[in-house]
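Participant: This is the feature table in Swiss-Prot:
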- Gly24, Asn25, Thr39, Gly40, Thr66, Ser67: substrate binding site (BINDING)
- Glu68: active site, proton donor/acceptor (ACT_SITE)
- Glu68, His87, His89, His147: Zn(2+) binding site (BINDING)
Amino acid sequence: MDLTEFIKICRLLYDRKYVVGSGGNVSIRDGNLIYITPTGLSLGFLTKEDICIADLNGNIIKGKPTSELNMHLKIYQNKDSINAVVHTHSMYCTAFSALDKKLKLVTPEAEMVVKKIAYVDYFPCGSLELAENVSECIEDSIILKNHGIVTLGKDITEAYIKTEVLEEVAQLNYIMNNLK
């Protein structure tokens, strides 16, 4: 499988500071397999050799995947149309989530791309409760209390664009709140 776009998106997430350090994780589905980022490695320095592989039952074929593997698996198991998951700790979305503030979709692009946002209460990172609550959301753009966002797409580019637009929405909401 060609993972060039996967690596490109991971580096974009890092370069645009949607993730810092070794935070965040990304996966794509290819049939019964998922390709997922490893634990403890910065997305900005990811190579093809670093990418982990698991099957949809959670059997690890290669590498040591992110602690959020269960969240990715549950999403794929519950949503046949989803082939990519992006989880970031983007600054503005995370700040709004920590304050329990809902975001207004203020631009036409946000209405078209994000459509509607789901909000999930806080559950510990990597927990089965987090995985189950995220995977039960109907929406493809999800804000996690104190923990960033998850965006879903038919491919990795679509999931990435939702991340980018959702973080812009949070920035615009911040600006609007401070201009009042």
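The backbone N, Cα and C atoms fix where each Cβ goes, glycine too.
Quick one: how deep are these features, and who are their neighbours?
Facilitator: In the three-state DSSP reading, Gly24 (substrate binding site) counts as coil.
Note on Glu68 (active site, proton donor/acceptor): other Cβ atoms within 10 Å of its Cβ, all shown chains, come to 24.
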Participant: Please name the residue among the binding-site residues Gly24, Gly40 whose C-beta has the most neighbouring C-beta atoms within 10 angstroms.
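Facilitator: Checking each of Gly24, Gly40, the winner is Gly24.
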Participant: If you compare CA-to-CA distances from His89 (Zn(2+) binding site) to each of the binding-site residues Gly24, Asn25, Gly40, Thr66, which comes out shortest?
Facilitator: Gly24
